[in-house]
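J.: Take this structure, written in structure tokens, and hold onto it; I'll ask about it next.
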């Protein structure tokens, strides 16, 4: 199909023009981060005449970038791993039993309905609760992210699990495999595509989350990247060049991952929604 | 299978326990650890220096400064967590009032710490909280008014206006000379309350709020003139008054784009970051044509309070008393362009020299918004008013919101 | 059998307990507080039962926030779906560098909403205004985020710019499930593109339409980060969304109980809209 269809040039050009709208703000961010205030007043849109990497060096130093990056990376990785292992299992038990058991059907709606709970309503009680459990740290943050992910993930996983034929498990059961073993050895590997989707979505939402770390984490050594951007906003609000350098640094890890894993990320998200 | 299941449950419980254990801090060395929480990001560096000096002088005490983003919200969540910092520095705002009324601060009435503090400023705190007890020590003061570019004033032959009519005449002359008279930064709603504060203080005064609490008066009847004059000022702005924010304004004013800038003293250091050589002056916004009535708007920028839960109140007081030493107070206000509450400590920066007579003569009045509950949402209300220019609707909204909030708080 | 079932129970029970502890319990506490006059951190509070709810319904600030949020959500949902469907159709046509373009259109989805908001905030005040001035267009020469009547459009632009990414990819996935044979087999051979779209393409991607409508609507109803980064609810209260009002009123304003009551109502509104939407769109899917 690919080879013998004619290229539709008018549409091709329209699509290309559309990407300019997507890229323009990022282009501006990049050039502002590389200029100094004088260059900005000379030419707002042009490429920098002198590349000022000082802005990045300053931003790294001022925001203690590497520590914040380490914190963000730790929380994101731990949350993704924990979410994939636990949420898939919960969804499996629900997906396989909700047709015949009221209990599991009830659980399904219990988890999924939480998608509609606005975060502000639980914000204050959560602050009290996590403080009394001494969870005002990165571990607490990881646990909360994992637990809150259940609502959406149960919805996504159950849809997928129900599309996997039961015959496979029945065959395994006949061979004497336990439910537990069946899940980890047969079903979990089959869930790789949906795991990729959930993993990507959890990774993005955890990495970019701002409000939960803000209210949970008290120790400044544990601040994540978005929190640090927030401090920056108040502290250096006249220095746009420095601020933009810092924004780019905070977005950079995700953009780098995206550059290398772009196809995989997009197809993961796509496959997940096809269910 | 059951084994696996319980292993899983156990695993989760272990994670929880680990989380629980890694939380608590400890110190075994016999050094008293004190946490000093303050809400001004721009003052972090100055406090760092003072804290380091204190720690050096007091080997048995170790103070660490905490200055999180969005500090007031963080402080409220800390209070919710029952994890109140030992020493707290914040402005004398509605947040302070709410926290003081929740009785989380140590009672400092008649404490020796207040000995060298001007009683005017202590009274500002009790006025804000409406309480008898003194629960904070005023440390630094800020002022609000009009910052002006001395070079532009000289070039246009302008002088510092002393009355409302002179102010408008000055603005007119600048406009005729094609210079932006005032650089308004009304994209940020809190910027719109500055003229409101300045004129509310001189034209209406603080007592209005005591009467308003008792329902003896209304904004509708008392604030007509303030509203009218605030609208008039808008005629002397630039082409995009609602499109520029505080940061834009500091840059524009720093680059000499306007003659005047209605702003607080806190902006001076920001402006100088943009243009270190700028020649600045500062005068109170003259709301009235009666020169004697015009006062400087000045309030407590930072007060120091001690948690009533702290295990080390004596050491906390030692730290506060250290900050109040004239030498240290001087260092702080010099770096931050603020004014000191300590007797005899003076701000010598020439940009604000025009304000000193007001402090000396006590011709100052607090920021009126310190007396307005934050749930009334003064700032967005003023911002909306400046756009739709409907004075009666504006004052009506303030009265209505005030009553609503009062009803909710009382119920 | 019972052994199997017990494994299933063990798989879910720890999660249920944690979920209850960290989500349900706090939500119940929130509802509980909505019947009090608790300010969030004081030592004491009283029960005032339905007073908060009665006050809510007479509070025009709350009403305005609902009006803004719903207006915003409807407009964003429509624009996001129209644009992402168009882009997806373009990407699905026979074009060169399809994967490259697809990669760029999806890029905004991986970026932090807060930071994107900060970037656009700068563009609105310092770049678009410069264009407006040099082109001599008055409407563009001032910052629209500073205009009481137009600020919400600025927030819509940023939300649409970022939300298009995910919805485009989902539509594209839907379009790729349609094989070429479908068009050839249909009796509409030779019919116009327009007709082909409405009679073949659209019905076949109807499930994706449902997902996209619900997703876009739900995200738009929860709008928060964009408001913080772009307008802080202003000018005036012109762009105060419901969740922003709950946050500012509940924390900064110290009216936690009152805003808890607001979030109970908000929860009901979001749940009702989502359920209605799913019901309605699923029925249409069946019809098609």
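Just so you know, glycine gets a Cβ as well, placed from its N, Cα and C.
Below are the features listed in TrEMBL for this protein:
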TRANSMEM  A:12-34  transmembrane segment
DOMAIN    A:69-261  domain 'ABC transmembrane type-1'
TRANSMEM  A:73-95  transmembrane segment
TRANSMEM  A:107-127  transmembrane segment
TRANSMEM  A:139-161  transmembrane segment
TRANSMEM  A:182-207  transmembrane segment
TRANSMEM  A:242-261  transmembrane segment
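Mind running through what each feature is packed against?
T.: For the transmembrane segment (A:107-127), same-chain residues at least 6 beyond its ends with a Cβ under 8 Å from one of its own Cβ atoms are 90, 94, 98, 144, 150-152, 154-155, 158, 211, 215-216.
A Cβ distance under 8 Å defines the sequence-distant neighbours of the transmembrane segment (A:182-207), meaning residues of its chain 6+ beyond its ends; these are 72, 75-76, 79-80, 83-84, 87-89, 92, 145, 149, 152-153, 156-157, 160-161, 164, 168-169, 172-173, 225, 253-254, 264-265, 268-269, 271-273.
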J.: For the transmembrane segment (A:139-161) and the transmembrane segment (A:242-261), check the count of CB pairs under 8 Å (sequence separation 6 or more) and say whether it reaches 3 or more.
T.: no
J.: Can you tell me which parts of the same chain pack against the transmembrane segment (A:73-95), counting only residues 6+ beyond its ends and a CB-CB cutoff under 8 A?
T.: 104, 107-108, 111, 138, 141-143, 145-146, 149-150, 153-154, 156-158, 161-162, 183, 187-188, 191, 194-195, 198-199, 202-203, 206-207, 213, 224, 253
